[in-house]
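These notes concern the structure reproduced below.
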Amino acid sequence: MLSRRVGRRKVTGQRNGPKPDNSTKITLNDAKDLDQGGYGDPETSTNSNGVVNLRILLGISVPVLSYKGEFLFLEVLFVMKKIELWLWSIFLVLICFLSTGILYGWTPLQVLIEEEGFFSERCPPDSDRNEEHRLCPEQVSLLNLVFTVGVTTTTVAGLPMGMLLDYWDEKKTSLTGCVILALGCTTFAGAYFSKIGLLLFVAYILMGLAVPCIFLSLIRSTRFFPASAGHILVALYNSAFDASILVFALFKVVVDHTSVKLGTLFLIYNIVPLVIAISIPFWPNKVQEKEEEEMKNIRKSQEMLVKGSWAAAWKQMKSPVYIGLVLYNCVNMTWLNTYLGTTEVQWVGKLGEEEGLRLAEVFGFILPLGFLVGPVVGVTLKYLPSYRGFFALTLLLTINAIIQFIPHLGVQVFNFCLFAILRAYYYALIADFTIEKFGFESFGKLFGLLQFIVGLVGISQSLFVSLTVTVFEGNWLPLNTFQLVTQILTLGYPLYLYLKEKKEKTIYAVLQEDR
């Protein structure tokens, strides 16, 4: 306690008494205790001149000029520290927006790539092809494969990058992501100017590798903020991840209305990883004290862990809760990415070329609106039981799948809005649930393995699309039906969580009665 620590170097208040120890450290929580009168003895907190030396901000010794006025000054410093953390949180959310989910903004980017004629040489002379947009089934499959490879890389790379995060720290892992992102943007620019389709795959693979480096680091950095803000920050990071698809939509606006080339925009965009890399040394790095009640589950989990231990992580990986989480994500993440990657192709076939292309363009601007519900999602996750959160998410996913059967422009715009909200909710729930149940120490491994398995299963997305375009000749009804059935089956996971929680409450009640 502060009073005991300082009391050992007691200052009597006499002018010839010993000098105060300038190295005494008083935390912001100690400052609040002082303000509340917890350590209000002038003899133990001031010298003869009423001066206290405090190390509060950045290790700087801050003199407080009077005993009566010191608490007000301490409160100001306390508020300043909170403001500093919130300013950092805003900056980190902006980083997340500009660097993590940009490759998911494939729909507007695909239109620009099509206009440049990428993979058009794969179209046979007698193929069913739209001359204006230079599309044929073979070209559609290859373009979709670029997106699928990038997204799969993001998820598969989650495991090695998560291990790297647990071994290193947030700053080193983020710096690695910045370098990879810069290489990806440069490679995409090279693909554009050289018209080499293979480089599109390389660029999207590099951007896919950068995503888990930066995003997982940001999620883990929430431990540097007050626990009361943790749920909101996780939701904001995930919402910013969703909103970052707006970047390529803005690229399309710039290309359509100016003389700037797409390749030039990607070269200019290298400013983003450069700014992030410069800021990394200044990121918050002090773990905040957690409220006992809010963090009891995490602490219970972390007490059983040895830092970086695969044995502890492996024990968590074998738990039914984690296995169910993996299966739940394998199904729903595959359909989320399929919906994202095939919006234009699906609705051109269902609504006709004009309305389908217009709908795809609208979708590119609606999807980032999920960012607006980020704070609401964060507050909801803070107070909503896990099983109810998963029940609500599965219900939204099922409604989205049902609406896909309705070939009406207005209905699909509504479905886009619904998808934007549920996608933000989905990512926030999964990340928050993983932290709540398994803690921070093995977060990189557990969340990374989750992404890795989901990525391997996500390869089936390209097979589904290819099968629909070729075998079913553009008829999306079989695929949409299969999606609906599998998503309904995932209701089993929230049902399991509910029964598990109910059983635990029953056991706890029995133990309390025995006492």
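A Cβ is built for glycine as well, from the same backbone N, Cα and C atoms used for every other residue.
Here is what TrEMBL records for this protein:
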COMPBIAS  1-12  compositional bias 'Basic residues'
REGION    1-45  region 'Disordered'
TRANSMEM  85-106  transmembrane segment
TRANSMEM  142-162  transmembrane segment
TRANSMEM  174-193  transmembrane segment
TRANSMEM  199-219  transmembrane segment
TRANSMEM  231-251  transmembrane segment
TRANSMEM  263-283  transmembrane segment
TRANSMEM  321-342  transmembrane segment
TRANSMEM  362-383  transmembrane segment
TRANSMEM  390-407  transmembrane segment
TRANSMEM  413-435  transmembrane segment
TRANSMEM  447-469  transmembrane segment
TRANSMEM  481-499  transmembrane segment
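Looking at 142-162, 231-251, 413-435, the range that has the most CB pairs within less than 8 A of the transmembrane segment (85-106) turns out to be 231-251. Counting C-beta pairs under 8 angstroms (sequence separation of 6 or more), the transmembrane segment (413-435) fails to reach the transmembrane segment (481-499), with fewer than 3 such pairs. Within the same chain, residues 104, 106-107, 144, 147-148, 151, 155, 367, 390, 394, 397, 400-401, 404, 419, 423, 426, 430, 433-434, 437-438, 446, 449-450, 453-454, 457-458, 460-461, 464-465, 479, 483, 486-487, 489-490, 493, 496-497, 500 sit at least 6 positions outside the transmembrane segment (321-342) and bring their C-beta atoms closer than 8 Å to a C-beta of that stretch. Fewer than three CB pairs closer than 8 A are found between the transmembrane segment (362-383) and the transmembrane segment (481-499), and contact between the two stretches is not assigned (pairs 6 or more residues apart). In this chain, the transmembrane segment (263-283) lies out of contact with the transmembrane segment (447-469); the count of Cβ pairs under 8 Å, excluding pairs fewer than 6 apart in sequence, is fewer than 3. For the transmembrane segment (263-283), the list of distant contacts is 88, 91-92, 95, 98-99, 170-171, 174-175, 177-179, 181-182, 185-186, 188-193, 210, 214, 221, 224, 247, 251, 254-255: same-chain residues at least six beyond its ends, Cβ to Cβ under 8 Å. Residues 89, 92-94, 96-102, 104-106, 108-109, 112, 215, 218-219, 222, 225, 262, 265, 269, 364-365, 367-375, 377-379, 381-382, 420, 423-424, 427-428, 431-432, 435 of the same chain sit 6 or more residues outside the transmembrane segment (231-251) yet have a Cβ under 8 Å from a Cβ within it. Contacts between the transmembrane segment (390-407) and the transmembrane segment (174-193): absent, as fewer than 3 C-beta pairs lie under 8 angstroms at sequence separation of six or more.
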